[in-house]
Structures are given as structure tokens and as C-alpha cells.
Amino acid sequence: MCPLTLQVTGLMNVSEPNSSFAFVNEFILQGFTCEWTIQIFLFSLFTTTYALTITGNGAIAFVLWCDWRLHTPMYMFLGNFSFLEIWYVSSTVPKMLVNFLSEKKNISFAGCFLQFYFFFSLGTSECLLLTVMAFDQYLAICRPLLYPNIMTGHLCAKLVILCWVCGFLWFLIPIVLISQMPFCGPNIIDHVVCDPGPRFALDCVSAPRIQLFCYTLSSLVIFGNFLFIIGSYTLVLKAVLGMPSSTGRHKAFSTCGSHLAVVSLCYSSLMVMYVSPGLGHSTGMQKIETLFYAMVTPLFNPLIYSLQNKEIKAALRKVLGSSNII
């Protein structure tokens with residue numbers, strides 16, 4: 001039963017006298033319900049993390065764009081991945097930071113679904129780009145003689161565009177379907193972002209087919225890309241172990257190690273969050289998992305790539321004027 005007498009900010013009852021549905025003007029992102037001093041601490045912590053994430057990924061994207069020696073397919077993919085990370089973290093964190101200092105913590109109906117759309121679309125584009133990067137590594141190590149003829153600049157650009165386009169089309173239909181569903185009061189989403197799991201709890205009518213559709217799409221994009229990456233690196237590992245030179249094996253492992261570390265970091269948190277849709281997870285744990293994937297993963301990705309890659313470190317030193325920081 002929907003509480004007809006409950007008055008909640010942002011809800012307008014339908015004119016029909018016996019209707020229990022409501023038009024939602026806005027949602028309330030509850031976030032972390034804690035004392036004001038802790039809210040200030042979290043705001044400072046996440047603001048610093050956000051600034052470091054933007055700086056790190058921005059530095060890598062800028063350096064790869066400036067240094068013509070790094071205008072190769074591998075670094076073009078990496079530069080686009082860093083650029084994607086900037087937009088991905090910016091799709092949710094700024095609003096989250098505002099809510100830490102706000103008493104109302106509201107977000108408009110359109111704003112909520114736009115945040116949902118960009119958060120999932122950019123995340124899907126990242127998954128696809130990680131898969132393309134694994135394919136690039138496979139060609140470079142397993143098919144070195146054919147690599148220059150296959151992975152041309154033209155194909156590289158096409159693959160990047162394909163990742164962006166497919167990423168933004170993948171969750172378009174679910175977003176439209178969810179936005180058309182009727183809601184009942186209250187309009188409080190017990191989360192830090194507009195996530196589909198807590199949002200489904202506000203529906204007046206159960207929609208298991210739409211939920212199954214959303215989770216199926218999430219599972220397909222996660223497991224499909226993950227299995228392709230595992231398959232690519234299985235072939236890469238077989239080729240590397242067959243190399244007669246220890247120097248060649250070490251170089252190949254160092255090249256693939258950074259990408260594998262990023263893949264492990266991204267997919268481990270993704271599988272926990274969206275393959276098992278909140279079953280057995282407390283609300284607080286779901287918030288922490290989302291924060292980890294939305295903020296911590298983009299923060300560490302540039303560190304992983306820059307610390308393991310001599311070419312990127314050299315380019316950063318050149319751009320920053322041979323600083324001792326790097």
C-alpha cells in the first residue's frame with residue numbers, strides 16, 4: 001500500500017481521487033546520515049580525492065597529447081581512458097560534494113536520471129575501452145609483424161569512437177523505461193548517487209522484468225568484456241612464456257602488468273556492485289562500494305600507469321621541467 005497521507009517534498013498527487021501514484025519532481029539523496037563535523041571531514045576528504053583524480057588523469061591525457069613520440073595506438077587508448085575517467089568521476093562527485101554541505105540534499109527528477117545515465121554510460125565506455133586495450137596488447141605481443149598493418153591510426157580512432165557510442169547507447173533503453181515508471185512517496189533514495197537499486201524501491205508497482213533487464217545488461221557488459229580480456233591475456237601469457245629472451249619477457253610483463261592491475265581494480269568492484277544487485281549487502285556497504293568504484297579506482301589508475309611506464313614518466317618529467325617529484 002502507498003501512504004496517501006504522507007507529505008513528502010517533491011511529490012504531487014495525481015488528480016484522480018483513488019490514485020496512489022505520484023509525479024516526482026525531485027529525489028532526496030540521503031547519503032551518509034552522520035554528524036555535521038563528520039560531514040565536513042568527508043567533504044574535505046572527497047574534495048581532495050576528486051582534485052587528485054582530475055589532476056592525475058588530466059596530466060596523463062595532456063602529456064600523451066603533447067608528446068608526439070607517444071602518439072601510438074597503445075597511448076592513444078590510454079589517453080582516452082584517462083579522459084573518460086575525468087568525465088566519469090565528474091558525473092557524480094560534484095553533486096555528492098554539494099550534498100555534504102546541504103541540508104536538503106535534493107536532486108531534480110531530470111538531474112537524477114541524467115546522473116544515472118552518464119554514470120553508467122561512461123562506466124560502460126570504460127569497460128569497452130579496457131577490452132580494446134587488451135586486444136591491442138594481444139596484437140602487439142602475439143602478432144608483432146602484423147601489428148603495424150592491423151592497428152593503424154584509422155582503426156584506432158574507429159575503436160575509440162565505437163567505445164564511446166556503444167557506451168552511451170547501452171543503457172539508454174533502461175533509463176527511458178525506469179523514468180516512465182510510477183513512483184510513490186517517499187522520494188528518498190538511500191544512497192550517495194542515483195543508483196537503480198535503491199531507486200527501484202520507490203516504485204508503486206513491482207517491475208521484475210525491467211529490473212531483470214537492467215541487471216542482464218550490466219552482467220553482459222561486465223562479464224562479456226571481462227571474459228574477452230581474460231582470453232586475450234591467456235594468449236599473451238602463452239606467447240610471453242615462449243619468448244627465448246628474458247629481457248623480452250620482462251618488457252612484455254611490465255607492459256601488460258599495468259593494464260591487468262587496472263582491470264582487476266575496476267572489475268572486482270563492478271562485479272560486487274552490479275552483478276549481485278544489493279542482495280546480502282547492507283545499505284552502508286553499497287554506499288562504500290559505490291564510492292570505491294566512483295572515486296578510489298579513478299584515483300589509482302593514473303598512479304598505476306605512470307609508476308609502471310618509463311615512457312610516461314619520462315614525458316611527465318619533460319613537461320614538468322625535470323621535476324624531482326616523479
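Any Cβ shown, glycine's included, is placed from N, Cα and C.
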Go through the topological domain entries in Swiss-Prot and note whether Arg69 and Met285 share a side of the membrane. no
Please name the cysteine among Cys112, Cys127, Cys266 that Swiss-Prot pairs with Cys194 through a disulfide bond. Cys112
Take the Cβ of Cys112 (disulfide bond) and count every other Cβ within 10 Å, whichever protein chain it belongs to. 23
Among all the protein chains here, how many other CB atoms are within 10 A of the CB of Asn106 (N-linked glycosylation site)? 17
Report the same-chain neighbours of Cys194 (disulfide bond): residues 6+ apart in sequence with Cβ closer than 8 Å to its Cβ, ordered by sequence. Phe27, Leu29, Ile107, Cys112, Phe113, Gln115, Phe116, Phe119
Residues in the topological domain 'Extracellular' (94-112) grouped by DSSP into helix, strand and remaining coil: 11 helix, 3 strand, 5 coil
